[in-house]
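Record features, source Swiss-Prot:
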ACT_SITE  S212  active site, acyl-ester intermediate
ACT_SITE  D338  active site, charge relay system
ACT_SITE  H453  active site, charge relay system
DISULFID  C82-C98  disulfide bond
DISULFID  C264-C275  disulfide bond
CARBOHYD  N205  N-linked glycosylation site
CARBOHYD  N379  N-linked glycosylation site
REGION    553-591  region 'Disordered'
SIGNAL    1-18  signal peptide
Amino acid sequence: LGASRLGPSPGCLAVASAAKLGSVYTEGGFVEGVNKKLSLFGDSIDIFKGIPFAAAPKALEKPERHPGWQGTLKAKSFKKRCLQATLTQDSTYGNEDCLYLNIWVPQGRKEVSHDLPVMIWIYGGAFLMGASQGANFLSNYLYDGEEIATRGNVIVVTFNYRVGPLGFLSTGDSNLPGNYGLWDQHMAIAWVKRNIEAFGGDPDNITLFGESAGGASVSLQTLSPYNKGLIKRAISQSGVGLCPWAIQQDPLFWAKRIAEKVGCPVDDTSKMAGCLKITDPRALTLAYKLPLGSTEYPKLHYLSFVPVIDGDFIPDDPVNLYANAADVDYIAGTNDMDGHLFVGMDVPAINSNKQDVTEEDFYKLVSGLTVTKGLRGANATYEVYTEPWAQDSSQETRKKTMVDLETDILFLIPTKIAVAQHKSHAKSANTYTYLFSQPSRMPIYPKWMGADHADDLQYVFGKPFATPLGYRAQDRTVSKAMIAYWTNFARTGDPNTGHSTVPANWDPYTLEDDNYLEINKQMDSNSMKLHLRTNYLQFWTQTYQALPTVTSAGASLLPPEDNSQASPVPPADNSGAPTEPSAGDSEVAQMPVVIGF
C-alpha cells in the first residue's frame with residue numbers, strides 16, 4: 001500500500017532525476033528557487049526570482065548592503081520594478097523597494113553545475129523605464145534568461161535598478177551627485193561577484209550585456225574605476241557611454257525644473273536636495289514628462305534624467321576613461337536602422353506611404369540635431385546627407401536618409417568611436433563589432449525597413465524558441481546564431497569558440513580594416529564586412545567637430561511655449577541663409593537618453 005501511494009519505485013525515477021541546487025547559502029541567508037525539468041533525460045534549470053542585492057534604497061541616496069534575513073528566502077516570483085511613470089505618464093507603478101535580482105542556472109543529469117560563465121543583463125528604457133524581467137508576451141517575459149542559459153550553458157542574471165528622477169536626478173554638485181541607478185547596477189555586479197560561486201558560477205568570468213540605455217550602462221560600468229576586477233567581458237547592444245543621450249551635461253537645469261514642480265527651493269542646491277529627498281517619490285517621478293506629441297526639437301533633447309560626470313563613479317568624460325576597460329573583452333554593435341524609432345516620433349510621416357517628407361522636414365530635423373554648431377553645422381550636415389539625392393530623390397531614399405541621420409548621431413558613430421577607443425587602449429583584451437540587419441517583423445512598417453531599435457532583443461533572448469508560434473524557421477536561425485556568439489564570447493572571450501557552433505567566423509576588430517560582422521538570417525563567409533559608413537564617421541569626427549561651437553553642449557535650449565518660431569528652411573543654392581532655431585530663449589538640455597522597450 002505504501003509503495004503504491006508513493007508512485008513508481010525509485011528505480012523508475014532514476015532516469016528522470018536531475019541535479020538541482022535546492023537551498024543555496026548567500027551572504028544574506030539561505031535562498032530557495034524552483035527547479036524546472038526540461039526533458040525526460042534529466043536536464044533542468046534552477047530559477048531564483050527576487051533575491052535582494054541591496055537594502056531598500058533611500059530616495060536620492062546611494063544603495064546600501066542588505067542586512068540579510070532569517071530562515072530560508074523563497075525566491076519564486078519576480079519583484080516589482082523600480083518606481084516609474086506608466087507609459088501614459090499620468091500615474092506610477094512599481095516600488096521604491098526594488099533592488100532585487102533573478103538567476104537562471106542550467107543543470108545536467110549527473111552533478112550540479114560549477115564554474116559556469118555568468119552573464120548579467122542590464123535593461124534599456126531611456127534610463128526612464130524598464131524592469132529586470134521586461135515586458136510579458138504570451139506569458140513569457142522578454143528578459144527570461146532560460147533560453148540563453150540552457151542553449152549556451154551559462155548562468156544568466158537580471159536585476160532592477162532605479163530609473164527616472166529617482167535614479168538620475170542631480171544638482172551637478174555634492175548635494176545630489178546623481179548616478180544612483182548606476183550605483184544600483186554596480187551593487188548588483190558586486191553581489192554577483194561575491195555570491196555566484198554558491199550557485200555554480202565562476203566569479204572570475206562575469207560578462208555584462210545590455211541594450212540601449214542598458215548598453216550605455218554596460219559601457220559606463222566598464223569605464224568606472226569602481227568595477228576594477230569585477231568584469232571580465234562586456235557586450236553593448238545599440239548604446240555606449242559616448243552616445244549623445246548617455247550623459248547629461250546640464251543636470252542642474254533639469255533638477256530645478258523638478259524642484260519648481262514639487263515646490264522645493266531652487267536657488268540653493270543644499271536646500272533643494274534636502275527638500276527633494278523628503279518629497280513623495282511618486283510626485284518626483286511624475287514631475288518629469290517626456291513630451292510624446294510634436295516637439296520643437298528632436299526627442300533626443302528631452303531625455304533628461306541620465307548619468308552625469310560626477311567626478312566619482314564617472315570621474316571624467318567617458319571618452320577619456322578607456323584605460324579602465326583595457327582588460328575587458330568587448331563587443332559593441334548597432335542595428336542598421338536603430339534611429340527609426342526616433343525619426344518615427346520626430347517626423348511621423350516617415351512611416352506613411354501616403355505622406356511625403358520634404359527637404360524642409362529634413363532640414364528641420366538636421367537643425368534640431370546640430371544645435372551646438374549652429375547654422376554652419378546644420379548646412380554642412382544637410383549637404384553631406386542629401387548628396388545622394390542628386391541621383392535619386394524618391395520618398396524612399398529621403399526617408400531612409402532621415403533614418404540614417406538619427407542612426408548615425410544617436411548610435412552608430414558613437415559606437416564606432418567607442419570600439420576604436422577600446423581597441424587602442426586594450427592590452428590583452430579582444431574587441432569585436434557587429435551590425436544587426438535582420439529586417440523588422442512589424443507589419444505596419446514600410447517595406448524598406450531594416451532592423452529597428454530593440455529588434456535584436458527577441459533573438460538574443462531566444463523568443464523564436466520560447467514562443468515558436470509567433471516566429472518562422474529563419475527567425476530561429478538568427479536567434480540560435482546570436483545566442484551562440486554571445487555565450488561563446490562569455491565563456492572564452494572569442495565569439496567563435498566555446499559551447500556552440502556558429503554560422504560564420506567573426507574576426508576581431510582592427511583599426512585598419514574597421515571590420516564588423518553583419519548578423520542576419522543569411523550568414524556565411526561573406527558576413528564579415530569592412531568600413532561601415534566611413535565617410536560619415538570622418539564627417540562627424542573631423543569636419544563637423546572642427547566647426548565652431550555656438551552653444552555649449554550643456555546649454556539648455558527651451559522651446560518657445562507658443563510654437564510661433566519660424567521653421568528652418570534648407571539652403572536653396574548655398575546662398576540663402578536659412579532661419580536657425582533660436583537658441584537664446586529656448587530650452588532643451590543637450591543630447592541625453594534612449595528607449596529600449
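Heads up, the Cβ atoms here are built off N, Cα and C, so glycines get one too.
Overlay of Swiss-Prot feature records on the structure.
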residue	record	contacts (Cβ under 8 Å, 6+ apart)
C82	disulfide bond	G94, N95, E96, C98, L99, A131, N160, Y161, R162, V163, L166, G167
N205	N-linked glycosylation site	D115, P117, V118, K232, R233, A490, R491
C264	disulfide bond	I258, K271, M272, C275, L276, T279
D338	active site, charge relay system	S238, E406, T407, L410, F411, L412, A451, D452, H453
| query | Fewest other CB within 10 angstroms, which one of the disulfide-bonded residues C98, C275? | reply | C275
| field | Spatial separation of S212 (active site, acyl-ester intermediate) from N379 (N-linked glycosylation site) - C-alpha basis, Å | value | 29
| said: Using other CB atoms within 10 angstroms as the count, which residue among the recorded positions S212, N379 scores least? | reply: N379
| query | Is N379 (N-linked glycosylation site) helix, strand or coil when read with DSSP? | reply | helix
| said: I'd like the Cβ neighbour count for H453 (active site, charge relay system), meaning other Cβ atoms within 10 Å of its Cβ, all protein chains included. | reply: 29
| message | According to DSSP, does H453 (active site, charge relay system) sit in a helix, a strand, or coil? | response | coil
